[in-house]
Amino acid sequence: MSFKNGTEFTEASLGHFTRLIDKISSGLWEYNAINKKTTWSNGFYTMLGYEVGELECTHTNFFENILYYADKNAFLKTNTENSTSPVSSEIRLLTKNGGYQWFKSIAYKSDSKDTSLYYGMLTNINADKLTRLNTERKNFIDTETGRIAKIGGWELDVTNRQVLLTTDVYRIFELEDGTPITLDEAISFFEPNHRSVVANAVEDAINLCKSFDIEVLFRTARNNVIWVRSKCVPIVDDFGHCILLRGIFQNIDAIKKRGLNMQSSINMLDDKNKRLQNFAYMVSHNLRSHAGNLAFMVDLYENDLTEDRDEIFGHIKTISGSLSATMSHLDEVVRIQSDIQMGLKDVKFVDMLTNSMRGLSANIQQSEAVIDADFSRCQQIAYIPAYLESIFHNMITNAIKYQHPKRKPVIVIKSFIENNKVFLTFQDNGLGIDLKRHGEDIFGMYKTFHQHKDAKGIGLFITRNQVEALGGSINVESTLNNGTKFTIMLVHFNNNL
Amino acid sequence: MNSEPRAVTACVIDDDRIFTFGITKLMEITGLFSPTMQFINGQEAINFLSNPENGDKLPDVIFVDINMPVMNGWEFTRSFEEIKPRLGKNIPVYMVSSSVDLNDIQRAKINPTLKDYIMKPINTTHLTNIFNSLNGDIEMVQYN
């Protein structure tokens, strides 16, 4: 023992010290490596939960039965190091009733050179060690949770407008941890059209003590655009003024995009469902009216014995013809879906036009229609040939059918590419249609608007279904008595790649 | 109640010529209706009804289809509502269609201009009921 000069201890002092050490769950030991003599203090027994003398006081007993096997090296290390700078280590010892517990071990080699005497002290540090281990684990879980959930916390000091971010928030910003950042700088990370949402929410939180929870687009320091969620609670002082905003910041990109995708799928399904329902109504309406008329005529035929019977039978024949026509229209609609499997082929617009014009040559000649086509800006497209031909056929037929009585039909057809989309337009100088009155109905099945003997209300319905089946869309602009222009978006490149 | 119920004149607005033929024939058979007037769309009917020269030829009842080119049943109902006050005669309008669309049926039922919605095919029972209710109305108008 090395006490400073001027402090002398008596023999009795040694006894005092030993007694003190005995009371603090610590034990002293001595070991002679040559004659294997081992000595333990009373505290050595009690710290392990035993009565004094209850254990066999040998080096072997300690080493083989009390010391945890995996900690043997740690313990030996404290003994073999040189005496001037003793090494401490943490080891586990088997206690009588409490299983293995953590102890701190310090050992010295005797100063005198001729003896191989070792001595040391063991102290129970189990409670401390366990607390330390728990804290470490908790910290690990905390930081891991934030990292895995991509969520962190932030604070805004209202007085100096400085923002404090946790490591996880810096990770979401893709900024180096600890970079100082002001409120305005933080807001500039949000996408331009979302900045005002964030700025207003923050101002309202500061001035009106309103909490917020927003989902907005964010551009990270490395230029990645992601969806984030920022939730905030204002902290107020005794006077009700907001002094601090505290909140969480989370990268919700994956989940948000999934949600948005889902929403657009739902809208699409909704749309399809509505159209299907409409289609069912149309079919039912059409078949019903034929069936109703048929029953009507049969009834009359039975009750009427006059000369009108021939006329009634004539109507029955007409109904039979109409039923067949309706069935073939239905076949056509159903075929749109099955034709999709035929696959896309590169087709030239000019070939499709030539084919359609050949099929319609009688109508074109009779009406003296002029067709002016310009496919120079986009000559061909990967499409289902049958659809494209049908589109040309229906559009030209439509333009001729609803021509203006006072002028010859002129049909201008153009193809072009804009914003990665292929467009095809058909413009005529015909009767036109009042879109305010009929609007979307013009693409409906069996919807007719002009008193025309050939109006069946099936052409535009089929065209729209073909175009939409391949992911396109069809739009119409029209002025009454001036003409109609159909703009068909055939293909969106991004959809097809 | 003292006189024989008199025959009523019906106006049929429908682009389906077979239906118009059928209903006319049916009316003849029942013997309750005098010759009908027919129009192939709403516009033609409105043109006729709104012409003051036809004031003495107005029908007693109108049957109108929904789906027609140029002016459909709904548009006719709206136009008819406008000219109605000038007609000097209360003409009930029935909507007659093959539509099973509940929206159409509901819309017709709540429309105050429309007396009722009749789903095709129309039969003698329909016509007799309508005839009876019409005569009731006419007599009530006469006594008040």
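Note that Cβ sites are derived from N, Cα and C of the backbone, with glycine treated the same way.
Listed features, source TrEMBL:
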DOMAIN    B:9-135  domain 'Response regulatory'
MOD_RES   B:ASP65  4-aspartylphosphate
Students should find that the Cβ of B:ASP65 (4-aspartylphosphate) has, within 10 Å, a number of other Cβ atoms equal to 25
The domain 'Response regulatory' (B:9-135), counted residue by residue under DSSP: helix, strand, coil = 65 helix, 27 strand, 35 coil
Looking only at the domain 'Response regulatory' (B:9-135), mean pLDDT returns 86
